[in-house]
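Participant: Mind having a look at this structure? Questions to follow.
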Amino acid sequence: MAPPRPDYTFTHEHLLGIEGLHPLDIGHILDLADSYAEKTRAGVRPDPVLTGKTVVNLFFETSTRTMSSFEIAARRLGAHVISMPIANSSVKKGETLIDTAMTLNAMKPDALVIRHSASGGAKLLSRKVDCAVINAGDGTHEHPTQALLDLLTIRRVKNRIEGLKVVICGDIAHSRVARSTTMALHLMGARVHLCGPKTLIPPGTETWGAESAGTDFDKVLKGADVVMMLRLQLERMNGSFLPSRREYFRYFGLTAERLALAKPNATVMHPGPMNRGVEIESTIADGPSSVITQQVEMGVAVREAVLHLLAGGKS
């Protein structure tokens, strides 16, 4: 963990995306998250900095993994947690996001964690409430805590981020993870290369900070320090993006043979959930190069840090 910066103060009221963050902000969050990760591994309970605080998880899209991670993080810090999956909310009865925001705001929560299918949903919510808003994924736009946990995992495994070659392969077009993680890695000095079928690479990836975006997975893997595979988000696809899953795996699936093209100590990542045999074979997902379970572990630590900073008082 880096020494504290006496001249730095975290001033953000919300975490809506990586866009708008400074490298010092990211470094500060990672340092605090690193300290929480170390406490957890040592079996030490963190200080209850959120005692008396209420955190509401408002998930318009289902995600057991992300919601559970935020719940555990908030409870570890002493917060009272209310989780509202869409199936149990009045949104099913026709209530709009703004109506929901105004209703929840009247209950005076200290933080709202939102996942929504519409890009910009978190930003809209932040304009209607008086508490901290944390974006847990908004459409194909951003997923900032996933990006931060990815960076924390990389930093702990590689002892640095700056200068690393990171290859992100898969469904770039529908992935908020690709966007957020690329921007965060770029801000911290990594060299990011995106890869996938031509139909799944959107225009404008250079504005995220990507050095390249192409279709030759074998070529871009050469010299890679980190390889991150992305899930095919079939639920977001309306057209014929792929000929078949088998064909996709043939050209873009991560196999032992393909991984050998990267550096010998290359690290394999995946934000989950995985489609084994589609974007990655099981021997790689479960092998010694994989840090997929560490990503889940670091997710709780990052969310502890974010909740601490936004709901527990900035430090």
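Backbone N, Cα and C atoms are what each Cβ position is placed from, and that goes for glycine too.
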Participant: Using only what Swiss-Prot says about carbamoyl phosphate binding by ARG65, THR66, HIS143, GLN146, GLY272, PRO273, identify which of ARG115, ARG191 is listed for that site too.
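Facilitator: As annotated by Swiss-Prot, ARG65, THR66, HIS143, GLN146, GLY272, PRO273 share the carbamoyl phosphate site with ARG115, chosen from ARG115, ARG191.
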Participant: Among all chains shown, work out which of the binding-site residues ARG65, HIS143, ARG176, ARG231 has the most CB atoms within 10 A of its CB.
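Facilitator: Per the Cβ count within 10 Å, the most buried is HIS143.
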Participant: So which of the binding-site residues is most packed in, judged by how many other Cβ atoms lie within 10 Å of its Cβ, out of THR66, GLN146?
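Facilitator: Counting every other Cβ within 10 Å of each candidate, the maximum falls on GLN146.
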Participant: Let me know the largest Cα to Cα distance in Å among the carbamoyl phosphate-binding residues ARG65, THR66, ARG115, HIS143, GLN146, GLY272, PRO273, as an integer.
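Facilitator: Pairwise Cα check on ARG65, THR66, ARG115, HIS143, GLN146, GLY272, PRO273 gives a maximum of 16 Å.
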Participant: Quiz question: given the binding-site residues GLY272, PRO273, which has the greatest number of C-beta atoms lying within 10 angstroms of its own C-beta?
Facilitator: GLY272
Participant: Work out how many Å separate ARG65 (carbamoyl phosphate binding site) and ARG231 (L-aspartate binding site) at their Cα atoms, rounded off.
Facilitator: 15
